[in-house]
Amino acid sequence: MNVRLSGDVISEKNATISITGSKSESNRLLILQAQFPQITIENFSESDDSSVLKNALSVETGDVDIHHAGTAMRFLTAYYAIKPGAEIILTGSERMQERPIGTLVSALRNLGADISYIKNEGFPPLKISGKKIEENEITIDAGISSQYISALMLVAPSLQNGLKIFLKGTPTSLPYIEMTLSLLKKVGITGIFSENKIEIFPSEKLKHVNINIESDWSSASYFYSLVALSKNAEITLSNFRENSIQGDSALVSIYESLGVKTTFYASENKIKLSKSKGQLPDSLILNLADTPDLAQTIAVTCFGLGMSCSLSGLKTLKIKETDRLVALQNELQKLGAVVKIDDETLFLESSKKIVAGIAIETYNDHRMAMAFAPLAVKTELIINNAEVVSKSYPDFWKDLAKTGIKCSFEG
Ligand SMILES: O=C(O)C1=C[C@@H](OP(=O)(O)O)[C@@H](O)[C@H](O)C1
Ligand SMILES: C=C(OP(=O)(O)O)C(=O)O
């Protein structure tokens, strides 16, 4: 199913959109709730990734297929590995079988876990036989994916002796590690992160705790882009807070430079996005190592605004749902952009023209579809395989239509 997009966003009326809970927070809380049933959750994510993880947690023996959900793959590897009695074959989509997991598997094996590779060394599918783990110290390369570290932190409170994790190298996607620690603390588990050492203490039983998950800032990014590209749109989004534990809330300051003002309504847990006055810069230079999921949105916004940008810190993009650097370059070029990439940088030249009527390929990547959609404010375009959005945001097209963009589904 493809979607043809056209039209300007509503300028008079203020569109109101309610995004569901953060996928990252939901996935962490599911793993914690499976160990500590005293946790209850509100505003749970409606993403495919979170429902696939939720279903997997009820399985103790047999095959588990988590499709495209990277976070679920990494978190479940650690979860099953430390669960005595679990006998699991953990697999995923073709792309998942190309996304590395060797660093996490080696760390777990060093702790005493029983995990083996079924096809290729270092990649899913995995055979996991859950075991009681007594070791409590591990060193891990922190430069590939923060998900490996979060996975270890999330199961650490169930280990008899807790866990000390020593991070080697400069950590990538650091706010996600901090999010994991914040949630552990919120539910009553003790943890410390200082310098390159994370220590999580064992916990047997927790008091009841109810967590109302903040909505997903990564999903909000597409509406920031829409406002940046529109003449005078105003969009209200719930349920967002000023003090977020999601690193992607950096959107507020990043999009200030791109002409979007965020107003927080604390008592209603809402934000309003509107156009700010003032001149846009000619160019944007950003390191996105802390917020990799925003890279596609920001690159497309800059292109739509006719700005140049230099985005660095992107080495993790190559091992996500697709090679996002290559995918971005391919699709931006079709629209007329001049884009250069290397292993961790994207450089976009400023250009005033956008080729109309282009069909954007999405490479099984939800963020390719959603990042290009706001360009509809500037030109008619088609997004191929529009259903990919359900990985993180199943209602995306419905919500986009609320802003006034015309969405016609074909095929
Ligand atoms: O822990 C998480 O919830 C995530 C961590 C990030 O991955 P990396 O640490 O692999 O960059 C991010 O890109 C992903 O969408 C979600
Ligand atoms: C990279 C992402 O997810 P995951 O790694 O969990 O597949 C994402 O949602 O952009």
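Cβ from N, Cα, C; glycine included.
Taking Cβ-Cβ distances under 8 Å and a sequence separation of 6 or more, the neighbours of D293 (active site, proton acceptor) in its chain are S218, S221, D248, R367. Summarising the annotation, TrEMBL assigns active site, proton acceptor to D293.
Sequence-distant neighbours of S146 (3-phosphoshikimate binding site) (same chain, 6+ residues apart, CB-CB distance under 8 A): P171, T172, S173, L174, Y176, I177. Mapped onto three states, the DSSP output places S146 (3-phosphoshikimate binding site) in helix. As annotated by TrEMBL, 3-phosphoshikimate binding site applies to K23, S24, R28, S145, S146, Q147, S173, D293, K320.
Other C-beta atoms found within 10 angstroms of the C-beta of K23 (3-phosphoshikimate binding site) number 28, with every protein chain shown included. As annotated by TrEMBL, phosphoenolpyruvate binding site applies to K23, G70, R99, Q147, R324, R367, K391.
The domain 'Enolpyruvate transferase' annotation in TrEMBL covers 63-400.
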Sparsest-packed among the binding-site residues, when each Cβ's other Cβ atoms within 10 Å are tallied, from R99, R324, R367, K391: R99
Top Cα neighbour of K23 (3-phosphoshikimate binding site) in the set of binding-site residues R99, Q147, R324, K391: K391
Which of R28, K320, the listed binding-site residues, has fewest other Cβ atoms within 10 Å: K320
All-chain count of other Cβ atoms within 10 Å of S173 (3-phosphoshikimate binding site): 25
Neighbouring binding-site residues, C-alpha within 10 angstroms of K320 (3-phosphoshikimate binding site) - of G70, Q147, K391: G70
Sequence-distant neighbours of G70 (phosphoenolpyruvate binding site) in its chain (C-beta under 8 A, six or more apart): M96, R99, S145, Q147, K320, E321
C-beta crowding around Q147 (phosphoenolpyruvate binding site), within 10 angstroms: 27
